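Engineer: Take a look at the following structure, please.
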Amino acid sequence: MYASREDIGYDFGGDSKVGSKPVKPNPNIDGGWAWMIVLSSFLVHILIMGSQMALGILNMEWLEEFNQSRGLTAWVSSLSMGITLIVGPFIGLFISMCGCRKTAIIGGVLNALGWILSAYASNVHYLFLTFGVTAGIGSGMVYLPAVVMVGQYFQKRRALAQGLSTTGTGFGAFLMTALLKYLCTEFGWRNAMFIQGAISLNLCVCGALMRPLSPKDVVSEKYVVRSNSEDNPAKTLSRSAETIKSNRVLSEELEKKEEATNDEVLDSVQHIEIGGKSRSGRNMYGLRILKTVSQLTVTVRKGFAIWYSSYFGAASLFTNRVFVAFIIWALFAYSSFVIPFIHLPEIVKQYNLSHQDNIFPLTSIIAIVHIFGKVILGIISDLPCISTWNVFLMANFTLVTCILTLPLMQTYVSLAVVCALIGFSSGYFSLMPVVTEDLVGIKHLANAYGIIICANGISALFGPPFAGWIYDITHKYDFSFYISGLLYMVGIIFLFIQPCIQKKQPREKSTDEAQV
């Protein structure tokens, strides 16, 4: 996928021979070890996203222990959830240099360290650093590789694979809530965090399962994309000509620089090594160290060059207008999903529906249906006659409609129906990596998806406080849903308009050429 020797290397360049001859497919793609990758990603979602959904248990313990304001204490959970997503673009740099497996293992150690150090917290500000920052960065270093690896191992059933792996969030919310509640009751919150830190070390095992595909067994992406588009033209999302051209330029420039750098550095080291054969063993040992350092330097420079070019170079991802619209959408989307979880209990209390909600909470309805929504939308998107992009847009339109109509519902049954629709339509989260890959290609999936989840992190970090600020001004929860829903609709409109513009541009260009 990236410059890393560990990861899969898809060629999006202009070699016609590669595209014309089918390459014998690796049995691990869409089968075999690919399902172990899905299992690994599923466990990552349980341990990371599920734990973050259960932080309300620890938040109550922190309020009682440190006797701080609710707003200040809530920032611990917000920082952890926000940083997990916001660091996405920087995790892409680690993946470029180290590969997904090493990045995930390092992230697992860092996440466990954050949990364990938080057990010794003396105040809330200590938790900001240990749990919010340390555990948050560690979570981000495991989460992004878990999503990217599923994209590498699947081509025909990408949406279903992503849907199955991301259902770990829903299962994790139930499992981790029950586990943390039990641990806090039996051992206290400090020992509970220490035990949870030990459990989080299993993230390293999940990272070890992310076995990279060997370059000789790689299925050519050009052949896969071409065959998919021939079998089902509506299935393949149209990429802009500008982005494809920039990707080709990037790969050619990097290959030339990499070859020159490798030849220059390694040849010089080998020359020194040959000339030093007659020297003592101590000098030979030093030469081996020098050679290892030189190779590491080349790898780091190579990964950084790809990462930098993807964001700021001539081949920047931001030259793809549809992808830019996707980023704008992501800035408003996640908060619209989080806000119902925050304000629904208050709405239930306002309408005197607490008795029914205690029997079967509305937030639980969202969480349960959300699990089925991810799987069902994934299956639908993988059907030969269905476009993933259209399914993604329809799910977004359904969700924003539910967000805008939810404050109008005043009975438990009507609220339950709307919450079920919110849970099902929000299953589009499993399609986000698939849509991102269709927009930029597998080579740039880590960097591109890092930007998308960074935008989601900003939305998750500032969306709920913004909704609370609106309530403080208006003293009504309705406006929080209306304003967030309208902003969400703006993002969806960007997604709907940009592909139409992209389709018109080639036609206009061909007309001008015909006139000339």
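Each position is counted from 1, following the chain as shown.
Using the three backbone atoms N, Cα and C, a Cβ is placed for every residue, glycine included.
Residues or ranges marked as domain 'Major facilitator superfamily (MFS) profile' by TrEMBL: 37-503. Among the features that TrEMBL reports, transmembrane segment is placed at 33-55, 75-96, 103-121, 127-148, 160-180, 192-210, 322-344, 359-377, 389-409, 415-436, 448-467, 479-497.
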Engineer: Do the transmembrane segment (322-344) and the transmembrane segment (127-148) share at least 3 Cβ pairs closer than 8 Å, excluding pairs fewer than 6 residues apart in sequence?
Structural biologist: no
Engineer: Who are the long-range neighbours of the transmembrane segment (103-121) in its own chain, taking Cβ under 8 Å and residues 6 or more past its ends?
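Structural biologist: 44, 48, 91, 94-95, 127, 130-131, 133-146, 190-191, 193-194, 196-198, 200-208, 210.
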Engineer: So are the transmembrane segment (479-497) and the transmembrane segment (389-409) touching or not, going by 3+ C-beta pairs under 8 A with a sequence gap of 6 or more?
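Structural biologist: Yes, the stretches contact each other.
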Engineer: With contact taken as 3 or more Cβ pairs under 8 angstroms (pairs 6 or more apart in sequence), are the transmembrane segment (415-436) and the transmembrane segment (192-210) in contact?
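Structural biologist: Taking Cβ pairs at least 6 residues apart, the transmembrane segment (192-210) and the transmembrane segment (415-436) are not in contact, as fewer than 3 fall under 8 Å.
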Engineer: Counting only residues 6+ away from its ends, which parts of the chain sit with a Cβ under 8 Å from the transmembrane segment (192-210)?
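Structural biologist: For the transmembrane segment (192-210), the nonlocal Cβ contacts are 36-37, 39-41, 43-44, 47-48, 51, 58, 100-105, 107-109, 111-116, 118-119, 138, 142, 145-146, 149, 179-180, 183-184.
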Engineer: May I ask for the residues of the chain that lie six or more residues beyond the transmembrane segment (389-409) and have a Cβ under 8 Å from a Cβ within it?
Structural biologist: 237, 329, 333, 336-337, 339-340, 347, 377, 380-381, 415, 417-419, 421-422, 424-428, 431-432, 435, 438, 477-478, 481-482, 484-486, 488-489, 492, 495-496, 499
